[in-house]
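Undergrad: Before I ask anything, let me first share the structure, which is written out below as structure tokens.
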2 protein chains.
Amino acid sequence: MAAIKPSVPKGTRDFSPAEMAKRNFIFDTIKGVFRKYGYQQIETPSMENSQTLMGKYGDEGDKLIFKILNSGDYLSSIATLKQLFAIEGDYLQSKNREAEERSDYAEGIVDVVAERKSEFESLALQLVDELADLNKITPKISEKALRYDLTVPFARYVVMHQNDITFPFKRFQVQPVWRADRPQKGRYREFFQCDADVVGSKSLLNEAEFVLIYDEALSKLGLKDFSIKINNRKILSGIAEVVNKADQIIDMTVAIDKLDKIGLDGVTKELLERGFTEENIEQIKPIILLEGTTEEKLTSLRSVLATSEIGLKGCEELETVFNYLKSFTMQNGKVELDITLARGLNYYTGAIYEVKTNEVQMGSIGGGGRYDDLTGMFGLKDLTGVGISFGADRIYDVLEELNLFPAATDESTQVLICPFDGDGEAYALPMLQQLRNKGVNTELYPAGAKIKKQLDYANGKNIPYAVMVGSDEMATGLLTVKNMQSGTQEKLTVAQIVERLG
Amino acid sequence: MAAIKPSVPKGTRDFSPAEMAKRNFIFDTIKGVFRKYGYQQIETPSMENSQTLMGKYGDEGDKLIFKILNSGDYLSSIATLKQLFAIEGDYLQSKNREAEERSDYAEGIVDVVAERKSEFESLALQLVDELADLNKITPKISEKALRYDLTVPFARYVVMHQNDITFPFKRFQVQPVWRADRPQKGRYREFFQCDADVVGSKSLLNEAEFVLIYDEALSKLGLKDFSIKINNRKILSGIAEVVNKADQIIDMTVAIDKLDKIGLDGVTKELLERGFTEENIEQIKPIILLEGTTEEKLTSLRSVLATSEIGLKGCEELETVFNYLKSFTMQNGKVELDITLARGLNYYTGAIYEVKTNEVQMGSIGGGGRYDDLTGMFGLKDLTGVGISFGADRIYDVLEELNLFPAATDESTQVLICPFDGDGEAYALPMLQQLRNKGVNTELYPAGAKIKKQLDYANGKNIPYAVMVGSDEMATGLLTVKNMQSGTQEKLTVAQIVERLG
């Protein structure tokens with residue numbers, strides 16, 4: 001067999017042992033916090049029926065879904081085309097025979113052939129068109145697709161298993177998703193999502209607890225300064241309502257969302273371009289420039305939104321969340337009311353979250369919100385939910401940049417036993433088991449390699465201790481223990497080693 | 001949007017929180033043991049380039065690989081076909097015009113048209129054939145496929161990253177694989193494999209350590225009686241050699257492998273059918289019926305295989321492995337020399353493993369072996385490897401049948417706080433945080449639900465303790481703690497509860 005130059009598909013990645021240890025540190029930390037708050041893990045299949053996924057992510061999203069080829073019977077259109085050719089071949093042959101036999105009728109036959117040809121062509125072209133139309137051909141050759149996110153499969157799960165679920169259902173899910181996006185820095189075609197959602201509970205305590213979950217998980221990961229921004233869709237609706245632009249809420253929020261980047265003048269310009277009046281902008285301005293404590297912000301909002309029922313409802317909800325949070329001590333996170341926050345506006349109906357680190361330059365490392373009708377698309381109406389997501393790849397980059405990954409994890413080998421020869425190997429086998437019985441991750445380098453090579457191996461795997469077993473060591477019963485970081489060596493008995501390192 | 005009746009693709013599964021807790025128990029246990037023996041985790045992408053996978057699993061395997069549809073430009077053949085129709089249409093139209101104008105030449109034109117038609121037809125049919133040929137069309141519409149096992153992607157990984165790897169490379173991998181097999185009981189289209197392999201070390205200590213890994217992991221999972229069967233491909237080669245049937249080693253081992261099921265008479269009959277002579281069978285019989293201790297078995301084998309160099313080499317290797325094992329204390333597993341063991345004979349070159357539980361009726365729950373040229377297919381020659389695999393789905397079924405899953409895991413919520421109303425909720429919030437700070441998985445059921453519903457929720461999630469917070473409780477400071485298993489209740493202060501359950 002010819003050797004194939006090995007590669008992975010673009011936008012996908014291998015994870016080395018060192019990378020896996022870091023990824024596991026992130027995922028295990030977040031999972032532990034999810035569990036502490038009563039969230040339980042589920043997993044759904046990597047592939048879903050296409051009809052479960054298609055139409056849920058907009059036209060752009062649909063195009064980015066990876067479709068899986070049916071095995072076998074997807075060529076029926078091509079078979080039809082082939083049949084058509086065969087029938088036509090027979091017909092033309094018979095006409096040709098006729099023409100040869102009755103040359104006086106040739107002209108008429110030319111017409112018949114031409115007419116028949118044109119009929120045939122239009123049929124075949126129609127079939128070719130059908131084959132060429134991606135939307136028509138795809139269902140014939142593909143009925144399954146790879147998960148695009150964790151939310152739609154979760155909605156499908158809830159509806160499918162609704163009779164077995166105890167509501168409110170608090171679930172988390174950490175699994176890969178696939179998107180046929182153009183790969184670029186930080187954007188992959190396969191990446192893990194890390195979501196927690198609760199469905200079937202309207203209580204705003206859930207909203208407050210998600211703030212605590214972000215705070216606890218990110219603090220545990222070692223972040224010292226990060227903002228958990230919170231907003232409420234109802235406040236955005238209220239603002240649009242008081243300026244009589246309820247139908248232009250998206251235009252408005254898209255503009256306001258850019259305040260950080262383009263400043264007040266930029267936002268004003270954009271609002272004018274999008275059909276807002278100077279008067280509208282005067283009304284909105286105090287909201288955009290909202291400052292002070294959360295209480296002060298809410299007071300200002302209440303006065304601006306005084307005429308909007310939905311706006312006031314949004315203020316009340318946010319106040320309840322902030323009141324809940326007063327009963328808890330936060331760790332390193334700062335919770336912050338940010339009415340310019342508008343992510344996921346198409347589906348969020350209440351709280352909206354976004355999390356950013358203030359230690360390095362990086363997009364949001366988390367986000368989420370409340371949606372009032374998650375499962376409606378699968379026929380289960382009026383089930384409210386609220387959920388958050390951690391951006392694991394970005395968190396990885398942040399921890400890397402801040403050098404926050406623990407140097408050694410319990411995933412690493414702690415001790416490498418290095419025998420000088422077969423005798424040393426035999427001598428060391430019982431110690432190997434004793435250390436493992438004590439729970440120490442231990443390896444013995446198989447006899448036959450030079451000590452230099454064995455120590456290189458220890459360095460390559462970041463193993464902190466090497467125990468050398470040569471003839472001197474066996475004669476005296478004192479083995480050489482080398483600290484691979486400091487380079488210092490000690491002579492210890494097997495019992496002392498097991499005691500010390502175990 | 002019309003509601004879709006939700007379902008998952010056949011052969012795939014959702015995993016509920018209860019199932020996930022059990023699966024995590026299995027995977028975490030095995031991963032912990034892998035790490036203790038110095039194996040490090042890697043992950044590879046779910047999708048590989050088709051050329052990485054195709055041709056590695058035989059024709060049958062190739063058919064079972066799930067292929068992923070390219071997004072976009074896969075319809076070039078169909079476009080060509082369409083173009084062909086257009087050109088042909090123009091040509092025929094012009095000939096038709098000629099025919100009309102010069103009716104005296106009609107006959108000749110009929111011939112031209114017919115000839116041209118036949119040329120066109122043969123071209124178009126060729127194209128249709130190409131489209132219809134799965135092997136030819138697939139590369140045009142699909143260039144990626146889902147991982148079929150963990151071994152080939154691992155080989156690809158080793159070759160691709162050979163300059164970054166410290167050899168011997170001890171890696172484990174726990175990831176799903178996909179096969180378009182017909183689903184049936186215990187066979188899924190998506191399932192997890194759980195593999196550990198070491199490449200770049202010829203030492204037979206690795207073989208012995210895999211026996212210990214099986215023993216420790218399965219004992220930790222609670223199995224009391226299981227057999228780790230071991231054989232060596234070289235012994236099977238030796239047997240085939242001494243009866244002068246080296247080229248029929250597969251026929252021979254397939255027959256011998258059935259001893260358990262069809263008995264000695266059955267095996268004899270099958271060997272005769274497959275062209276072995278009565279004399280061959282007399283020679284093989286003592287080997288098939290091999291009994292006694294491992295030492296006795298090896299002595300018998302050595303005498304039968306006296307004339308076969310490779311056979312004696314196999315005996316020597318097995319003896320070395322058994323000698324290594326003498327230095328270790330096994331837990332609940334029994335290691336057993338079984339020369340009828342012939343799994344994976346196509347690629348294994350040395351040790352062959354198979355693990356079976358003796359407590360319930362079940363196929364093998366693990367297997368593996370040594371292969372001398374794992375990475376040759378990707379151009380890296382002579383890298384030897386040995387590896388094992390755990391059958392997670394079967395182990396799940398065994399533990400379920402033997403009732404060996406731990407009742408509560410650290411994944412479960414330990415305490416549910418049940419407030420009678422909003423006041424109770426506010427009163428309980430600080431206790432909620434205190435318990436969580438102590439590492440106790442705790443939930444507070446949001447105010448507004450009847451206590452009955454809250455206790456049903458605790459039962460539904462198997463939460464062992466419920467803490468009731470009503471007006472009496474708040475007045476006296478003594479909260480009611482209910483043990484949900486026994487039904488007993490106690491009155492305790494918040495401090496006592498935190499102390500007791502924390």
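Just so you know, glycine gets a Cβ as well, placed from its N, Cα and C.
Not measured: the values here are computed from a predicted model.
Grabbed the feature section from TrEMBL, which reads as follows:
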BINDING   B:D149, B:L150, B:T151, B:R179, B:Q193, B:D197, B:R343, B:Y347, B:Y348  L-histidine binding site
DOMAIN    B:1-419  domain 'Aminoacyl-transfer RNA synthetases class-II family profile'
Undergrad: Including all protein chains displayed, how many Cβ atoms other than that of B:Y348 (L-histidine binding site) lie within 10 Å of its Cβ?
TA: 22
Undergrad: Taking the Cβ of B:Q193 (L-histidine binding site) as centre, how many other Cβ atoms lie within 10 Å?
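TA: That number is 19.
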Undergrad: Which value does the mean pLDDT take for the domain 'Aminoacyl-transfer RNA synthetases class-II family profile' (B:1-419) in this predicted structure?
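TA: Residues in the domain 'Aminoacyl-transfer RNA synthetases class-II family profile' (B:1-419) carry a mean pLDDT of 87 in this prediction.
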Undergrad: For B:T151 (L-histidine binding site), just count the other CB atoms lying within 10 A of its CB, please.
TA: 21
Undergrad: What span in Å does the L-histidine site cover, taken as the longest CA to CA distance among B:D149, B:L150, B:T151, B:R179, B:Q193, B:D197, B:R343, B:Y347, B:Y348?
TA: 22
Undergrad: Per DSSP, to which secondary structure element type does B:Q193 (L-histidine binding site) belong, with helix, strand and coil as the options?
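TA: The residue in question, B:Q193 (L-histidine binding site), is strand (DSSP, three-state).
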Undergrad: In sequence order, which residues at least six apart in the same chain have a CB under 8 Å from the CB of B:R343 (L-histidine binding site)?
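TA: Expected: B:I352, B:E354, B:S364, B:G367, B:G369.
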